[in-house]
Every structure is written in C-alpha cells, then in structure tokens.
Amino acid sequence: MLSYIYNGLSWIYLLLVPNMQEVEAGIKAKQIPDTTESLFSTLDIVLISILVGGIGWYFFNKRRSEKENAAKRTYAIQPTSMGLQASSDNSFVKKLQSSGRSLVVFYGSQTGTGEEFAGRLAKEGARYRMKGMVADPEECDMGELVNLKSIPNSLAVFCLATYGEGDPTDNAMEFYEWLQNGDADLTGLNYAVFGLGNKTYEHYNEVAIYVDKRLEELGATRVFEIGLGDDDANIEDDFITWKDRFWPVVCEHFGIESTGEEVSMRQYRLEEFEEDEPPERIFTGEMARLHSLRTQRPPYDAKNPFISKILVNRELHKHGDRSCMHIEFDIEGSKMRYEAGDHLAVYPINNTELVEKLGKLTDKNLDQVFSLINTDEDSSKKHPFPCPCSYRTALTHYLDITGNPRTHVLKELAEYCSDPTDKEKLKLMSSTSAEGKALYHKWINDDNRNIVHLLEDIPSCKPALDHLCELLPRLQPRYYSISSSPKLHPTSVHITAVLVEYETPTGRTNKGVATTWLASKLPNQSSEPPTVPIFIRKSQFRLPSKTQTPVLMIGPGTGLAPFRGFIQERNFAKEDGKTVGNTILYFGCRKKDEDYIYQEELEEYERNGLLKLHLAFSRDQPQKIYVSHLLEQNADELWNVISENNGNLYICGDAKSMAADVRNIIVRVIQQKGNMTEQQAVAYMKKMETQKRLSTDVWS
Ligand SMILES: Cc1cc2nc3c(=O)[nH]c(=O)nc-3n(C[C@H](O)[C@H](O)[C@H](O)COP(=O)(O)OP(=O)(O)OC[C@H]3O[C@@H](n4cnc5c(N)ncnc54)[C@H](O)[C@@H]3O)c2cc1C
Ligand SMILES: NC(=O)c1ccc[n+]([C@@H]2O[C@H](COP(=O)([O-])OP(=O)(O)OC[C@H]3O[C@@H](n4cnc5c(N)ncnc54)[C@H](OP(=O)(O)O)[C@@H]3O)[C@@H](O)[C@H]2O)c1
Ligand SMILES: Cc1cc2nc3c(=O)[nH]c(=O)nc-3n(C[C@H](O)[C@H](O)[C@H](O)COP(=O)(O)O)c2cc1C
C-alpha cells in the first residue's frame, strides 16, 4: 500500500516538477518536450495541487492521530531520565560487535529503577567475561534480536517495569507491540527477564511475565528464570537475590568462569572547571534545554516544564495535626490544555538544608562547576543529568537525596570509610547474606535513613561528591490527580495534596520533598506569586462521553481529587440544560470535623440535586467505617448502576489496601446480585475494565 502511494506521489512529482520549473525559470521550459507542456493546463496544476494537498493532509492527520493515540495509551508517569542526546545509529548489534561485547541489557523504565538495574547488570558482565551494554529499546531496532545470535555467547536481558493496567513503559511500548503483533523467528536468541512491579497493583509485573513467555514462544532460549521485583516490599532485595542466582547459571550455560574481580569501575569521568574558566553553558536546573526556565517556549512537557504561578494555596483540613493543600496553578498563556482526570506533574527541589549538609559531609565546595561524562562512548546517555552544572544545582534539582540508598551505593561507599568497622558494616549491608539483608532492611528501610543520615551516622565515610552524584538516582517529578474541570477553570489547574511528614525511629523528622516545598509556596498580595515548574500528563481516567450515563465514584482522602473535577464537569452540563445521570460519590476520611475536605462544595452539590453523597468517617466512632462498608450496605444501588443502567465506576486513592478492598466488594456484589460464581464475577469486572466502565487512578 505504502509503496503504491509512494509510486503515485513520485509520478505526480515527476509530472509536476517540470511545470513548476517552467513557471520559475522560463529558459528551462524550452527543454521540456511539447507533449509534457500540453499535458498540463493551469486547471491541471490546480487539480494536482489539490490531490497532493489532500494526500499530504491525509498523512498529516494520520500521523497526528497516531501521536494522539500514543499519548492516550500512556499513563501517569513520564520518563525523566531521558538520554540527553539521542543516538543516530540504532543498530545495537553493530555497537556490540564493534566494541567486543556480548551482553545487552534492555530496560523498560519510567522513573529510572529499571534503567539503574540494567546498568548494574551490564557493568557486572565484565566480572564474568561478558562485556555488557545498556540499551533503551526505544532507541534500538529491536527487529535485530533475530541477528543477535551472530555474536558468539551473546545474551539479551530485559529489565521491564509494568504500569497502569498491565502496560509497558513508554520507552518499551513499541518493542512490546512488536512482540505482540509480530512473528519473528528468535531461535538462537539467549535471554533472561527481570520484572519491576508492585504487588499492590492489580496487574502485577504483567509486562515482564508476558515478554518472558512471548520470547520463548518465538523460539528464543530462556537462560534463566524470570525474576519479579516487588516495589511494595523490597525490590532491591528481589533484584540482588535474582542476579546472584542468575550469574552462576549464565556462566554454566556459556561455559565461562567468573574472573572473581569486584567491579567498581566508574561509569562517568569527572571534569571540574576552574573558577576563572567557567564553561559557556552551565545548567541551573533545566531538564533539557539551557535557559528553558527563563526563556519559556511551548510546547511544555517533561523536558520543558512550564513555570506556573501559584494563584491559591489554602489549607483544607479544619483541625488535626495533618495538612492537606488546595493549590491552584496558573496556566494562562501556556497553551497547555487539560481534561478532568488528567495528572499534573510538579518538579520539586530538594531541601536547601539537606543539600548544604551533603556539601559539608563530603567536604566539597558546592559552587564548584563540574561535568560527569560517560566513559562508554557508545552510550546514548552522555551525562547522568544535565552537565555542566554546580554541585549545588545537581543536589538541588537533579538527584534524589531523600530516598533510601540502594545496596550498590552502600557497596561503593564502603570504600570511602577510614574506620574498618564502618567499612565492614556497609559491605555487610550490601551483601546478599541473610544477615546483611536483615541489617539493610532494619538500618536503611525501617529506620528510613537517606544518604545524609547515613553519612551523619557513619562519620568515617567521606565519599567523593562526584561519585555520589553518579550513584544517586534522579529526582523524579511528583504527580497529582487534577482536581478541577477545564469547563469551569480553563486557565488554572487545581490539585489536592497531603503534606508528607513523619518521625523516623532514629528521632529524625522526614519531610516529603514536593509537598513540603509546595507548602512553602504561599502567594501574598504584596509580592510576586511563587512559581513551580509543571507539566500536564494525559490519563485515561475519563467521564463517560454521554452525560446521561450514571457514574459512581469511590475516593476516600485525597482520592477525592479527580472526582472534584468530574463533579464540576457534571454540574456544568446540568446548568447547561443537559440531562445528567446519577452522580454518586463515596468519600471517607478520619473525622468529620477534621479532614472532611471540600465539605461545603460537596454539600452544595448535594443540595442542588446533582450529587448523591455517601460519607464514611472512620474515626468518629469506636469501630471503623470505611467507604467499602458503605458500598456493601448499598449493594442494590451499586448493582443498579453497574448492570441496569450501564453506568461507570471509578476508584481513586490508596492502591495498597483501599483499592483492593473496594474491588473485592464490587466482585462480591456482582456475584450476589448477578447470581454469578466468583470467577464469573471477576470476568464481568474485567470486561467492565476493558469497556472503560471501571477505571482506577491509584497510587501507593
Ligand atoms: C498517578 C498519581 C496520582 C497522585 N495523586 C495525588 C493526589 O492527588 N494527592 C496527593 O496528595 N498525592 C498524590 N499522589 C502522590 C504524590 O505523587 C506524591 O507521592 C506525594 O505527594 C508525596 O510526595 P513528596 O515528594 O512530598 O514525598 P516524598 O519525598 O516522595 O516522600 C514520600 C515517601 O516517604 C515515605 N513515607 C511517607 N509517609 C511515610 C510514613 N508515615 N512512614 C514512613 N515512610 C513514609 C514513603 O516511602 C513515600 O513514598 C499521586 C501519585 C501518583 C503516582
Ligand atoms: N507516597 C506518599 O507519600 C503518599 C502521600 C499521600 C498519600 N499516599 C497514599 O494515599 C493514601 C490516601 O492518603 P490520604 O492521606 O488522602 O488518606 P487517609 O486520610 O490516610 O485515608 C482516608 C480514609 O480512608 C480510610 N481507609 C484506610 N484504609 C482503608 C481501606 N482499606 N478501605 C477504605 N478506606 C480506608 C482511612 O481510615 P483510617 O485512617 O482511620 O484507617 C481514612 O478514613 C494513603 O493511604 C497513602 O497510601 C501516599
Ligand atoms: C502510577 C503507578 C502505576 C503502577 N502500576 C503498576 C502495575 O500495574 N503493575 C505493577 O506490577 N506495578 C505497577 N507499578 C509499580 C512500578 O512498576 C514499580 O514501582 C517499578 O519499580 C517502577 O520502575 P521504574 O522506576 O523503572 O519505572 C506502578 C507504579 C506507579 C507509580
């Protein structure tokens, strides 16, 4: 088909070009045969132009709709650790061959964990005489997997995360579809898969499980069993346990032996700049383009966030020791559009006090400008974050300094300890022994120590700050379910965010990076409004297209956020004279007088007849009352919405326990009211999901 269109276009081009040349240069027209001239009158040219224009329009629209569909397919998290420089050559086999490597580790990663694991595996290959390379499937011609066998003893490993409803990450989407739709013969391809997921989500590790199975179906050889990492428990532990069993099996499969050497090569080379010779381009927190934070140019996205003014930042809780913020962001003039149900991404910065502490603990001047440059020249990722920049910028904008450091970081830190006991302790925690794992779990995870706490509590450890900058993961944007409707608020986006702050067992107060920063962004009349870099992320969490369709929304706590937008939208339609179906909300909080957010608004919607409210105040009486209890009590209403009225169900908020409990209740009600077995009820619910009549927007 394409070649047919292409031939047609070439034909039109051949016919048109002489005529155009004729118009532009009369002299050349003399060389055009009379027959051609007589073929084209002015009318011909007009008709042909319309035809060409039409074909062009068709392709433009097709591409645009493909792009839109791709955007729709994606979910809340946009990758931010994107390669700063795209590679022009997408042949990974050529790259492997030219650099004498036999191991390629592909990653499907949104927030960087899968990419980090891939990097660690590739690096370890050297220890087993298998020089490795990390590769982003989006930048590779994955069809080349059929040729990988041309490299002796070659192995492809896939570290793949799952998101949404069992979806791959953006960068693995094309590869995933290629596997689903294609029938390549992968005989001779050696592979292994490690999945990154979270058991609190319905579709646990589905992408990795599918890829592992599909590669085998296509004839590839599974060298080692799939590993499944659970981010709800300890994904680091899952990974190191899997890879410790993986390597001996790989050695046996290929008949190779470990060199026994510990691999602690640096991936990046340091370049520091003298104060009197500063580089021309110094990044100051931009995600990609230099000065993009000052000279703003749409379109705005993860690489080019919009600097939005905060118009409103008010407290929603009436009493109690917690805080929930209602924040309104100005998007006037940004050309950004949103729909109720989309997510707002915020790029936070780290706490200044923690940044300064890190400078002191590592005895480094934070104003020093530096670059980290990848020693692997074949890698498309030249720097771990935008470089050159100062250490202060790196620690403030680019690096996660508040998460629990992973074991590979501890292993590298051990080398910087002057006290042998400290060194042993860090080594033990980074080992895979039961004792080491237990200590890591207690000292890092349970005690919630971040890198600053670790260096404070192990004072003999004095790492080079540039090495730390190489080891720490990237600071990620935080996502918030948008709590407004563009019908009512076309030039502002609202969010509803709970302040994260908690005491740790070591007596420290840990503060959420983004929410603590947002809490300080208070607009006041007398000065310029505070600003925050943001972008909007499309989601699939959508109201039904017909306003008559009934909707039942379940959103305790901040789970109410997207439903505020939905309710605004339904009310707008009602005031516009449209028929609006039942709009039912199940909301829960701890105490009516404390954390019943948006109480006045909700009760006003109830009074004006739009909303039916079901409220569960969990701590206003001795026994807990949750939204799930109310749902079960109102089984008839739930069944009525689901079955008799073909309505839509929505769940938003805590993925860990609430969403699972609510799903169980829904299955039970379908089973009872629809006279089905449990299996049939589950299948019924899955069908509702595929029909987009049951949607979830959950996080943990
Ligand atoms: C799709 C999506 C939509 C979201 N929508 C909303 C929303 O509408 N409203 C909202 O408030 N949040 C929402 N979130 C969560 C939000 O993105 C952030 O995770 C949250 O605001 C915390 O960010 P932070 O930077 O302040 O905290 P961080 O610095 O990221 O700290 C949070 C981490 O601290 C730890 N932690 C938190 N509390 C405790 C505790 N009590 N004990 C021990 N450890 C703890 C946990 O490891 C947690 O992951 C959403 C998340 C996603 C993925
Ligand atoms: N990653 C983060 O940093 C972060 C930040 C904010 C929120 N969250 C997640 O989002 C969730 C919501 O947070 P929030 O502060 O908005 O809400 P919340 O105030 O913690 O909870 C809202 C209501 O839901 C109730 N609830 C607890 N378990 C439930 C269950 N299984 N089924 C139904 N209701 C249940 C709570 O009751 P009780 O409390 O009385 O049991 C409370 O009444 C949190 O649980 C947390 O997992 C994560
Ligand atoms: C919004 C969101 C949705 C997720 N959906 C799923 C899911 O459906 N199934 C699953 O197993 N894990 C799910 N996860 C967990 C991630 O896959 C897990 O945290 C993983 O480690 C992320 O890897 P990455 O940092 O490489 O992107 C989800 C996480 C988030 C934040």
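Using N, Cα and C of the backbone, Cβ positions are placed for all residues, glycine too.
Among the features that TrEMBL reports, signal peptide is placed at 1-25.
If you look up TrEMBL, you'll see 41-60 marked as transmembrane segment.
What TrEMBL records for 103-247 is domain 'Flavodoxin-like'.
Y204 (FMN binding site) falls outside any helix or strand according to DSSP and counts as coil. On its own chain, Y204 (FMN binding site) has T162, G197, N198, L228, D230 as residues at least 6 apart in sequence with a Cβ closer than 8 Å to its own Cβ. The FMN binding site annotation in TrEMBL covers 109-114, 161-164, 196-205, D231.
Taken from TrEMBL, the feature domain 'FAD-binding FR-type' applies to 303-544. Taken as a whole, the domain 'FAD-binding FR-type' (303-544) shows an average pLDDT of 97 in this prediction.
What TrEMBL lists as NADP(+) binding site is R322, T558, S618, R619, D661. Sequence-distant neighbours of R322 (NADP(+) binding site) (same chain, six or more apart, CB under 8 Å from its CB) are V498, L499, D595, listed in sequence order.
Taking the Cβ of Y480 (FAD binding site) as reference, residues of its chain lying under 8 Å away and at least six apart in sequence are, in sequence order, H343, L344, A345, V346, I495, T496, A497, A561. Feature annotation from TrEMBL assigns FAD binding site to R478, Y479, Y480, S481, T496, A497, V498, Y502, G512, V513, A514, T515, W699.
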Binding-site residues whose CB lies under 6 angstroms from ligand 2, from A161, V498, S618, R619, D661: V498, S618, R619, D661
Among G112, A161, G164, D661, which are recorded as binding-site residues, the nearest neighbour of A514 (FAD binding site) by Cα: G112
Densest Cβ neighbourhood among R478, R619 (binding-site residues), 10 Å radius: R478
Between S618 (NADP(+) binding site) and S109 (FMN binding site): CA-CA distance (Å): 37
G164 (FMN binding site) versus binding-site residues R478, G512, T558, W699 - nearest by Cα: W699
Listed binding-site residues with Cβ under 6 Å from ligand 1, out of G112, A514, T558, R619: A514, T558
Most crowded position, judged by CB atoms within 10 A, among Y201, W699 as binding-site residues: Y201
Listed binding-site residues with Cβ under 6 Å from ligand 3, out of G112, A161, A514, S618: G112, A161
DSSP three-state assignment (helix, strand or coil) for R619 (NADP(+) binding site): coil
